[in-house]
Amino acid sequence: MTILVVTGTGTGVGKTVVCAALASAARQAGIDVAVCKPVQTGTARGDDDLAEVGRLAGVTQLAGLARYPQPMAPAAAAEHAGMALPARDQIVRLIADLDRPGRLTLVEGAGGLLVELAEPGVTLRDVAVDVAAAALVVVTADLGTLNHTKLTLEALAAQQVSCAGLVIGSWPDPPGLVAASNRSALARIAMVRAALPAGAASLDAGDFAAMSAAAFDRNWVAGLVG
């Protein structure tokens, strides 16, 4: 059994499509997969990341706790809706209930690593510590990514949360000078596990499966679950 939290260097970097791609690659390797997103914001505009993972990767074990209408940080979205954030133990129980032998459980955060997900001030990093999970960090290839990535990895290391690697959430075709340079530099910071092509979320399920299998190293994926 393996729990992996999927975080990012910010909002809109591609965490959901990375969750879906890794889930698809794992399922194609014969691994049972569950995906959890404890907190979802932006439901008023139709945001539903778990449904997107199900559509792209065919995962049926999908779990969430709190949903807020406005596309804001969870604490702000909850306040705007007159609702509360979930409690820390609720999130931990949700993840623990999904975890089982032979299964890869992916936990997608909201925004970046230190965004408040539960009261009082509980972040995805805290949850990772609670469930003994490593973190896969979704990054961009854009200017500024090196600083954002290093800050995220330092925040993980400060609480002894191991980094399972980096994934570039949207890789341009063709890559420009900045993107190509940043990809090389990112690989010197941590292992780059995959670079997903820009627009991957628009693929149909069959093409998405093929892309996912090609994007990740099969041996690494197979080794995620002991």
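The backbone N, Cα and C atoms fix where each Cβ goes, and this holds for glycine too.
According to its DSSP assignment, Lys15 (CTP binding site) is helical. Marked as CTP binding site by Swiss-Prot on the basis of experimental evidence: Thr11, Gly12, Val13, Gly14, Lys15, Thr16, Val17, Asp49, Gly169, Pro197, Ala198, Gly199, Ala200, Ala201.
Listed in sequence order, Val5, Val6, Lys15, Thr16, Cys19, Val35, Cys36, Lys37, Asp49 are the same-chain residues six or more apart from Glu108 (Mg(2+) binding site) with CB atoms under 8 A from its CB. Taken from Swiss-Prot, the feature Mg(2+) binding site applies to Thr16, Asp49, Glu108.
Taking all protein chains in view, 26 other C-beta atoms sit within 10 angstroms of the C-beta of Lys37 (active site). Taken from Swiss-Prot, the feature active site covers Lys37, and the record attributes it to sequence analysis.
Long-range neighbours of Asn147 (substrate binding site) (same chain, six or more residues apart, CB within less than 8 Å of its CB): none. What Swiss-Prot records for Lys37, Pro38, Val39, Gln40, Thr41, Gly144, Thr145, Leu146, Asn147 is substrate binding site.
DSSP assigns Asp49 (Mg(2+) binding site) to a helix. According to Swiss-Prot, the feature ATP binding site maps to Asp49.
Excluding Thr16, Asp49, Glu108, which define the Mg(2+) site, the same chain contributes Val6, Lys15, Cys19, Ala20, Val35, Lys37, Gln40, Leu50, Glu52, Val53 within 8 Å (Cβ to the Cβ centroid), listed in sequence order. Non-local contacts of Val13 (CTP binding site) by the CB criterion (under 8 A, 6+ apart in sequence, same chain) comprise Val138, Val139, Thr140, Gly169, Ser170. Taking the Cα atom of each, Ala198 (CTP binding site) and Thr145 (substrate binding site) are about 16 angstrom apart.
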